[in-house]
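Worksheet: the structure to be examined is printed underneath.
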Amino acid sequence: MAQRRKPPSIKGDTRTFDPDFKGPIAKRGCTDVLCCMVFILFIIGYIFLGLIAWVHGDPRRVAYPTDSKGHFCGQKGTPNENKSILFYFNLLSCTSPSVMINLQCPTTQICVSKCPEKFLTYLEMQFPFERDKHSWDYYSQFCKSPIFRPAQTLSQIVMDGDCPAAIFPSKPFLRRCFPDFSTENGILTVGNKTTFEDGKGHTRNAVELKAAAKNINKALNAKAIGMKVFEDYAMSWYWILIGLTIAMLLSWLFLLLLRFIAGFLFWIFVLGVLGIIGYGIWHCYQQYKNIQESPNSHLTIYDLGIQTDISMYLRLKQTWFAFMVILSILEVLIILLLIFLRDRIRISIALLKEGSKAIGYVPTTLIYPVLTFFLLSICICYWAVIAVYLATSGTPIYKVITPNGQCKYDNRTCDPEIFNTSEISRACPRAQCNFAFYGGNGLYYRYISTFQIFNLFVFLWLINFVIALGQCTLAGTFASYYWAFRKPNDIPPYPLFTAFGRAIRYHTGSLAFGSLLLALIQIFRIFLQYLDKCIKDNQNNIAKFLHQCLKCCFWCLEKVVKFLNRNAYVMIAIYGKNFCRSARDAFELLIRNILKVAVMDKVTDFVLVLGKILVTGSIGVLGFLLFTQRVSIIIEGPTSLNYYWVPLLTIIAGSYLVAHGFFSVYAMCIDTIFICFLEDLERNDGSAGKPYYMNRSLMKIMKVKSTQTSTQ
C-alpha cells in the first residue's frame, strides 16, 4: 500500500492535518465571537437610529413643497389640501432653479390650486376694478389672504408682501409654478410674448426671466420625454418580462451544457486569437513589402522626426516591421504558454465541467441569488428611508430675507409670529421672515451629519455581509458536493439549507469581520471621492497626482481584500475556523499553487464573460427584431412605441443582471471546487485508505491511480 502523504511543510503553516477529513466539518464552534457581538450592537444601534429618525423626521417635507410660513402645499386635512402648487411672488429675485427647489428664494411663496395662465399686473387690476370684478377675483387667488378690492397702493402691496406685483403664464413643475417658456423662430417667449411688464413700471424680457429659472425649459422637455418613456414601458412590460424569463432559461441551459462545451469554447477562442494575430503578422508583412517596393522606401523615422500626424509613421517600412516583430513575439509566447501550461489548462477545463455537474446535482443553488437580491433590497430601502428621515429632521427655521440683501439682519433667524412688531421689521421695512429649511439647536440636530455617516457605514457593512453570507453558503454547498465519495449518492440532504444554517449559526462573526474590512475601505474611498469634489478647483498638479494615486491604491486594495475574503469564506465553510486563520490558510494554499490559480482564474473569466455575452447578445438581438417590427410576420410586438430603445435597453440590462446572478453562483462553485481540489491533492494520495475525491477525468489528467470503485 502506498505511504500516506501529508501536506507539504510550509513555514508558518500551523494547520492541523486530519487523516480522517471527509469534507465540511459538522462539529464546529462559533468563530470571531467578539466581532459578532460588535456587529449585533451596530445593528441594534442602526435600528435605534432608525426609530429616532422616524420620530424626528418627516418625509412629507420631501413630497410636499412648503410655503413661506412652513405649511405644506397639498397636504390632506389642512387648509392647503386643495392647493398643491407653490407660487413665487417675484420669480425674478430667484437666481437659479436649485435655489427655488431648496425653498430659499428671497420672495414670498404661497400655495395655490393652479398656476397663472395670463399676464396681469396689480396696477392693471386696480383701475378697472369697478367695471371688471371678475378679473380681480382671478388675480386675488394669488395673494396671501383674500382681498376683496385692490385698495392699497402698489408700494404698500410690495412692502407688505400681500400680493404679487405681476403674474405671467406658468406651468407646474416639481409642484412649483415656473414660466411657460417656448421658442418661436429661435426667439425665446413667455406666453407667446417676448417682453412683459413686471408690475413695477419696468419692461422685462423672456431672457431675464429665464436667467432666474435657467435650465427649467430643458427640465420640462425632460419631463415630456419621461412621460413618453413611461408610455413605452406601459406598452412593452409584458415583452420585457418574457425576455427576462428567456434570459433566465438561457443562463440555466448554458451552465448545464458547460460540462460538454467548456473545452470546445475555450479552444475555439484560443484558435481565434491565434488566427487574428497571425492575420495581423501577414498584413504587416504585406505592408512592409509594398512600402519596400515604393520609391520612398529609404525613408526612416529619423528622417521624419516628431510628427503630429500619426499616419505619417504608417508610411515607413520600419513601423510595419516593428509591428510584425511584436505580433510574432506575442504569437510565439501564446503558443509556448499553451504548450507548457497544457496540463493546467486541461485541469481548469475539467473543473469547469465539474462545476456544471455540481450545479446540475444541486439546482437549488440557482435560486439563492433571489434571496441575496431580497436581502440587499431590504438593506438599500432601509438605508434610503433613514437617509430621508434624517434629512427631514427638525423644526421649521425662518430667516430674514430682503430683496437686495441690504439689511444688516439679512439671513438671521426670526419668528414669523412677532416679526411685524420686532426691531428688524422697523429697521428694514422691506424685510420678510420666510421659511428657509428644517433644523434645530438640540444635541440630535447637531449630529445629523454624523448620523448620516453612521447610516452609510452600517449600510456598506450590511451589504458586504449579505454578499459574504451568500458566498459562504454556496461554498459550503459545493464543498459538500466535492467531498461526497460517490456522487450524487453521498451528497447530504438539503446541502444548501444546511450550509446556510451553519454560516448563520457558527460564522456570523467571521463573515462580519471580513465585511467590516471591506466596509472600512469603501467608506474611505467614498471620503476620498467627496474630498476630490470639495477641493477639485483648489488643487495643484502634485496634489492631484497624489490624490489620484491614493484613490488607485485603495481601489487595488479593495480588489485584493475581496479576493482574499472570497477564498477565506470557502475555508470557513469547509473547516469552520475563524476568519484570520481561514484567510491565511487560503492564501498559503493558493500561493503554493500560483500557476494553477492564474490559469484557472483566466479560463473561468473567459467562460463567464462569453456566457454573459451570449445570453445578453441573444436577448438583445431578439428584442431589437421584436421592438423594431422586423419579425412582424412571425410575431407582432408592441406597436406605436415612442422610443424603441427604451424597452430594448431595459431588456438588455435586465438580461445581463439575470445572467450575472446565475454566473455568480457558477463562479463561486468553481472557486470552491478549485480550493477543494487543491486540498484533495495535499491531503490524499489515491490509496485505498486515502482515495482522491476528484472525478476520474481529473485523476486521468493528474496521472494518478486510485482504488476508488467505478461507481464514482
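Note: Cβ is positioned from N, Cα and C throughout, glycine not excepted.
Now, the feature entries from TrEMBL:
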- 33-55: transmembrane segment (TRANSMEM)
- 85-103: transmembrane segment (TRANSMEM)
- 237-258: transmembrane segment (TRANSMEM)
- 264-282: transmembrane segment (TRANSMEM)
- 320-341: transmembrane segment (TRANSMEM)
- 366-391: transmembrane segment (TRANSMEM)
- 456-484: transmembrane segment (TRANSMEM)
- 504-528: transmembrane segment (TRANSMEM)
- 606-628: transmembrane segment (TRANSMEM)
- 648-678: transmembrane segment (TRANSMEM)
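Against the transmembrane segment (366-391), stretch 456-484 has more CB pairs under 8 A than any other of 33-55, 320-341, 456-484, 606-628. The stretch in 33-55, 237-258, 320-341, 456-484, 648-678 that contributes the largest number of Cβ pairs under 8 Å to the transmembrane segment (606-628) is 648-678. The transmembrane segment (504-528) and the transmembrane segment (320-341) are not in contact, since fewer than 3 Cβ pairs between them lie under 8 Å (pairs 6 or more apart in sequence).
By the Cβ criterion (under 8 Å, sequence separation of 6 or more), the transmembrane segment (456-484) is in contact with the transmembrane segment (648-678), since 3+ such pairs are found. Ranking 33-55, 237-258, 264-282, 320-341 by CB pairs under 8 A with the transmembrane segment (648-678) puts 237-258 at the top. Tertiary neighbourhood of the transmembrane segment (33-55): same-chain residues 382, 385-386, 389-390, 393, 444, 451, 454-455, 458, 461-462, 465, 508-510, 512-513, 516, 579, selected by CB-CB distance under 8 Å and a gap of 6+ residues from either end.
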